[in-house]
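Novice: Straight from TrEMBL, here's the annotation block:
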type     : residues : note
DOMAIN   : 83-118   : domain 'EF-hand'
DOMAIN   : 119-154  : domain 'EF-hand'
REGION   : 174-241  : region 'Disordered'
COMPBIAS : 176-191  : compositional bias 'Low complexity'
COMPBIAS : 196-208  : compositional bias 'Basic and acidic residues'
COMPBIAS : 209-233  : compositional bias 'Low complexity'
DOMAIN   : 382-417  : domain 'EF-hand'
Amino acid sequence: MSFQESPRPSEEDEAFYMQCRAAYLAVFRSSLTNITSKKHLCRVLQQAGRNPSSATLNKYWTATTSKLNFDDFCEILKHEEKTEESELMRVFKKMDVNGDGYITHSELEKALITRGEKMTKEEVNAIFSLADINKDGKLHYAEFCRLFASTVEQCQTAALERLEADAKLKRLNFGSQSYSPPKSSVSSASPATQRVDSDTTPKKDNRSSSRPSSARSRRSSLSSSITMTSSSTKANKFPEPSGLQGWNHSFMKGCFFLEDDGSISALQYQLHIPHTTTVYLTIQPLGLSHRPDKSSAWMTVDTALFVMSAGETKEDTNLVCFTESKDKEKYIWKGELNAGTYHLLPFTSGCRLKKRSRKSPSGKPVELFYRTDTEELDLTREFREVLSDIFEIIDLDGNGLLSLEEYNFFELRTSGEKCDKDAWAVCKENFDMRKNQLTRQGFMELNLMEATEKDGDPADMWVTLEAMGYNRMLELVEACPFQIDVYCESTQPSIQPLSMDSGPKLLNQALQKSITARTGAKALRGHDNVFIYTYKGEHRISSLITNKTNQRVTVHVNNEQSRNCCSSRGMTVFAVEVPARTKMVCQHVLPINEKQDWIYSCVETILPGM
């Protein structure tokens, strides 16, 4: 029996993460150390070859930010390009009025002190001390740009050499990828729990974190190995019930969105069952209509649906069931539900919905608008197709019309604001509506009007498209539309979308219960109060760490011996910090190739205090 090798990052990805770790460890003692100030963020970004402006720093360090971890830093570097020598030259040439290759001290001082990211006179003088070769009060800016690029490269090379030379650092210091719920009002579904505290004191020395001795490592480790057969050899436990077309049916659409902080958000729903009945529940990625001949990347994203009783308080809510069986892209549960109201909580592991580049290969985004022969603005064909797909996604009940409630889910997602009834009445006067609901054509007209008001400037529209998961090639890469179907044998179910502040907590509660209820706890050797739960489903393996001690623990997780596996953490080796008396989802694992067998092999080890 042969197995596909465990996923190895591409050479480009591996080099990127090595550079990230090298830059981080040039400033901090460990990549488990958090960034705790804007100043520290600036230092570590500069170490990675970036030259962050105040605006850039404020983008990632807001008034509510208290810490960023190593994985946050990696995500920032993915979005912030290195400062290139050519870019600096372009800026200086704008200031070089006579084009002689020099800028006077007074010209540069005026530009840097009065415009943009303002500098002090001392900082301006420091620049001159580097590149005023002839000491004549003129800056040879080409030489300065060369010195800048050379210095950055030397710093990065030195950091990489240090990391390569120190085997302990190279082996031990990996990030602890955590997830925070998005700050929008849409409920979020997060693959793991919120960010937790860790040592936040930056170190300037070259000491590496101490690795536990081999004896201690053996005492503190737990090894799990599970062989899974391919999905192609599994029979569906719950085939579609006979006569299903005659059952009472209700459905609702939704979408998983990948947030900037790594969390995954989605609407949640309320299900009402009038009478006790047999229920057939399914959730699956939603194919969009205008490209039936083109396979969509999100159709391979795993989905699941957790059903919880809808109590008045959090303590009253209990996990009732969740979809475990699978038929192609469809995840299924069949059973009896008592009369009552339930929460439907969509979930995806994050193994197959990950951050991708939003930029087009050419660097030039697809055109959204064009001018007609009469110089009027219109939507391009490509943009119309995308708007039609967005309409499909936000038309939650699938009736071909957008209600005010459905449109507001879109508005909250893209702008953070709601459209009130008065504004909706204005829409009714200007755009195509039917039964007080916006038609597809009306949705096109509304977007065209917004573009016309901006005189064709696409900046705001790109913000909207990126919020909906599209890249600059108009490809849906950071979202996964889905559809939930509920069939009841003897009563009519009803589903309503919800937007609940407690959504992430409810989902995390359901996820934790689904793991702990299906498997026994195993204590890490030498730590009777630290337990690992490993849930083995038909198509997913999930692990959870329970820390019953009165102090935080750091668990080193190694998946290097797994085969044909991908982890929601995005890394084969990482560390998880678990606060005192807390449960935390560690990771979810899926097969890379579902048609081949896969082996989950994981070693969890308690690390000493960092």
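Backbone N, Cα and C atoms are what each Cβ position is placed from, and that goes for glycine too.
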Novice: Excluding the flanking five residues on each side, which residues at least 6 beyond the ends of the domain 'EF-hand' (382-417) place their CB within less than 8 Å of a CB in that stretch?
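Specialist: Same-chain contacts beyond the flanks: 184-186, 251-255, 257, 267, 286, 288-291, 366-369, 424, 434-440, 443-444, 447, 463-465, 467-468, 470, 474, 476, 479, 481, 497, 499.
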Novice: Mind tallying the domain 'EF-hand' (382-417) by DSSP state, helix then strand then coil?
Specialist: 24 helix, 1 strand, 11 coil
Novice: For the domain 'EF-hand' (382-417), would you mind checking the mean pLDDT of the predicted model?
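Specialist: Taking every residue in the domain 'EF-hand' (382-417) and averaging pLDDT yields 94.
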